[in-house]
Structures are given as structure tokens and as C-alpha cells.
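One structure is given here, and the rest of the page talks about it.
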Amino acid sequence: MSKKLHIKTWGCQMNEYDSSKMADLLGEYQGYTLTEEAEEADILLLNTCSIREKAQEKVFHQLGRWKTLKDKNPDLIIGVGGCVASQEGKAIKDRAQCVDIIFGPQTLHRLPEMIDQVRSGEKAVIDVSFPEIEKFDRLPEPRAEGPTAFVSIMEGCSKYCSFCVVPYTRGEEVSRPMDDIILEIAQLAEQGVREVNLLGQNVNAYRGAKHDGEICTFAELLRHVAAIDGIDRLRFTTSHPIEFTQDIIDVYEDTPELVSFLHLPVQSGSDRILTAMKRGHMAIEYKSIIRRLRKARPDIQISSDFIVGFPGETAQDFQDTMKLIEDVNFDMSFSFIYSARPGTPAADLPDDVDMEEKKQRLADLQELINQQAMRYSRQMMGTVQRILVEGPSVKNPMELRGRTETNRVVNFEGLHKHIGTFVDVEIVDVFPNSLRGKFIRGEDEMDLRKSLRPEDILAKHQKADDLGVTHFKP
């Protein structure tokens, strides 16, 4: 009988990426296969997130449910990873005796050894250290699961915003070597991946070593990835305004593979609150980045993060945020009510905004952004959009689902042979969370991924002129 592994994941795309690597790791080295049912598993792993309110309590509630499974099967191994594991460490074991393994985001590569230790009789194995980039050297080769893939290019954050736990749970910024990233993406492209999303807590802080000892900037990395054969779309998540430099903006001018969609968190439109958050920039600087981006790529659409009700936020501060939203015209947002995170500087500030006021501000903010998003959607009516077909529609498996360059989901009737390829669809209807399209053409009619023979390339060269100079016409 095969050994079964169940992983429950909470939180960001980095956690989703880490969970996929845990599955690959335990599958390759110890023969575990994934199961959706916790009751079937020999190992239960909980990959946690500490961003949301009461994150710790959510973890212990889940562990309480899993304890009943361990009571029935004492050989069941339970592991807790992710940011709550980094934050709480041994305290998790003290409170939940059913837990066997506690590991941080930077030590997931040691899971096979930790499991062996538990099997050998150790009562608790805990490793929440920060061994820099070591984990990437110990992970199996990437495995594609569809036409899109996430690739982590760096770990941690060194910005220390006053409200954020990430520097304390994932460590400071550490970049992967450029060649390692290029190799991973090339391997994914060979397996049919067409779109890659570069991941990091602050990707535009990327400074990876090259093979010659020089440093690769994020802008350089974007161009290198875009040049990989088979990669037709490129995204990245998440970035920070203070390092969104002009060289990155320039990539939008000359690299069509980089999509016309950007998630750039701002958190607040009030300079006073931005200062209290230790964001390192003012509202006008954020708007300047957006202006320059739209000059380089006029059709780019922007999403962001907002925190409402930060300590000391007045009605005027909130109106400044609403003004920024009106000025920028966002396509979507992830917006939250502020709640203190233990161990962060902001946790020492008085949480002095009334909860009902926080809820009202959040509702007002979301309503404004929803209006802006719907306006963008309506502008797409009747247009032809190129989408990457990801698979069957969630609501109707007889239809297909794809995503536009601007990250909108489109459902349409089409043949399953189009899954994993690009198609053009006409937008015929608009809904709050998706679009409806009508199939126009498939990839075979688009002249995409066309291979050129040597004689084709030579044919583009004109004969030498009187000065002996040849010209190349792309």
C-alpha cells in the first residue's frame, strides 16, 4: 500500500509554492503520494500563515481536529510549518502534544530527515532556523502541473514595515543565483509551461549572483526569463514601491512577455500613516511610479494591498487613501482591517480606531475599487482578448477557463485540445468576478512559437550595400 501525504495550506502564493515543493520532496525521496483526505494520510502537514488575525488560534483549532485522527492512529505523523511555526516554535508542541515536527519556511527541505527522526523514536523535531538559500539546493527538479508555474526567486524581506511579521518569520532578503532560476524555468518550459510567475516577498529587491561573480538585478532577470524559449508570459509577485526603479519600468517598454498587470502594494494613501507604517515612501512617490508605468505601458492595470484602521488613522487619513484610489484607478485590491501582529512595532501602538468604523471604511474602500474594476471589465466588452487556457471551467466542466494578460478569468466554449495553449476570444459578457468569451481562433492560427530555419533567418538579411554593410530586417 502506498504511503499517503496530506498538506493543508494557508496564506500567500509563497506558501502554495512551498507546499508543492514539500509534496515533490516527500514523493521523490520517500514515496509519498498526495491525498485530499486527511483521514487517509500517514503524514499530515499544516503550512501556516501569520498574516491574518488570530492566526495562532486557527492553527490550534486545526491541530485539535487532527488530534482525533492521531488518537485513532498513533503512528500518524503531524508536522507544522510556515510562518506561525517560525514565530511560535516549541510553544506549538507545548500546547499541542500531538505535533511531531515543527519546521520553518527555510527548513522544509529537511523534512525527509525530520520524518526519519520521528520514525526512530524522537518525540519532537523542531527546526525553525534560517539557513539562507540552502533549501533550493536540496529540492527535486521542478514538475509542471499545467501551463502556468510559480518560481521562487528570493526569500524573506528586509524592509521591516511596522505592521509586518515577514522579516521575523521568513528572515531577511536572500536571492537565489540567477543560473539556478533560469535552469528551473527552462525545465518547466520543456514540460509545457507557458507562463511563469516569479515569487518573493519583495521581488524587486532581487540581487542574485551570476556565474561570473557579478550581480544580476531584477530588471536583468526579467529579460533573461522572457528570452527562455517557450515562456510567452511573465508575471511577478510581490513588489515594494521603494525599489520599483526606472530600470524595471523600462522592461515594460521592450519586453512584451511581461504582462500588462502589476500588483504593487501601497497600504495607505496618507503620508502620516505611511510614515507610521515605516513604508519608506510617500503617496506622491507611489503615484509617480504608476504614471511612469502607464507611460511605458499605457494599458497596464494595477492592483494593490490596503490596510484600514491602522493605529491613529483619522477620517482625513482614510480620505487620503480614497483620494489615492481615485487618482490611480485600481483594477482590484486585497484590503484588510488592521489587527496587531505580536512582536511587531505596531503592536505596541494603541489600537484606537473603533471596530465599527474600521468595518465601514473597509466597505467604502472595497466598494470604490469594485466600481473601478467593473468599469475596466465593461471596457473589455466586444474586444478580442488573448487568454492562456488553464483547464476546464470551475462551474461548468464542459467549458474551458483561461486568463487574460490582465489576470481576468474568462470562461468559454471550446475544445479540450486548447488546454495549455493560447486562444483568442471575444468578450461577450461581464460578471463581477469573471468574463464570458466566444472562441475566435486557436494558437495554430496565431503564428506563435514559430521556428525559423537558418535559410529563413538568412533571407531577412539584405545584400551588402556599396560600403559592404549588410542590414537585418527583423
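The chain as shown is numbered from 1 upward.
Every residue gets a Cβ built from N, Cα and C, even glycine.
Per Swiss-Prot, these features apply:
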BINDING   Cys12, Cys49, Cys83  [4Fe-4S] cluster 1 binding site
BINDING   Cys157, Cys161, Cys164  [4Fe-4S] cluster 2 binding site
DOMAIN    3-120  domain 'MTTase N-terminal'
DOMAIN    143-375  domain 'Radical SAM core'
DOMAIN    378-441  domain 'TRAM'
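Feature map: annotations from Swiss-Prot on the structure.
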residue: Cys12; record: [4Fe-4S] cluster 1 binding site; contacts (Cβ under 8 Å, 6+ apart): Cys49, Ile51
residue: Cys83; record: [4Fe-4S] cluster 1 binding site; contacts (Cβ under 8 Å, 6+ apart): Gly11, Asn15, Thr48, Cys49, Ser50, Ile51, Ala55, Pro105, Val165, Val166, Thr169, Arg170
residue: Cys157; record: [4Fe-4S] cluster 2 binding site; contacts (Cβ under 8 Å, 6+ apart): Cys164, Val166, Pro167, Arg170, Glu172, Glu173, Gln201, Asn202, Ala205
residue: Cys161; record: [4Fe-4S] cluster 2 binding site; contacts (Cβ under 8 Å, 6+ apart): Gln267, Met277, Lys278, Arg279
Candidates Cys49, Cys164: member of the binding-site residues with the richest Cβ shell (10 Å): Cys164
Segment-level pLDDT (mean, integer) for the domain 'Radical SAM core' (143-375): 96
Reduced DSSP assignment, Cys83 ([4Fe-4S] cluster 1 binding site): helix
Output field, [4Fe-4S] cluster 1 shell: CB within 8 Å of site CB centroid, site Cys12, Cys49, Cys83 dropped: Trp10, Gly11, Met14, Asn15, Thr48, Ser50, Ile51, Gly82, Thr169
Residues close to [4Fe-4S] cluster 2 site centre defined by Cys157, Cys161, Cys164, Cβ within 8 Å: Lys159, Tyr160, Phe163, Val165, Val166, Pro167, Gln201
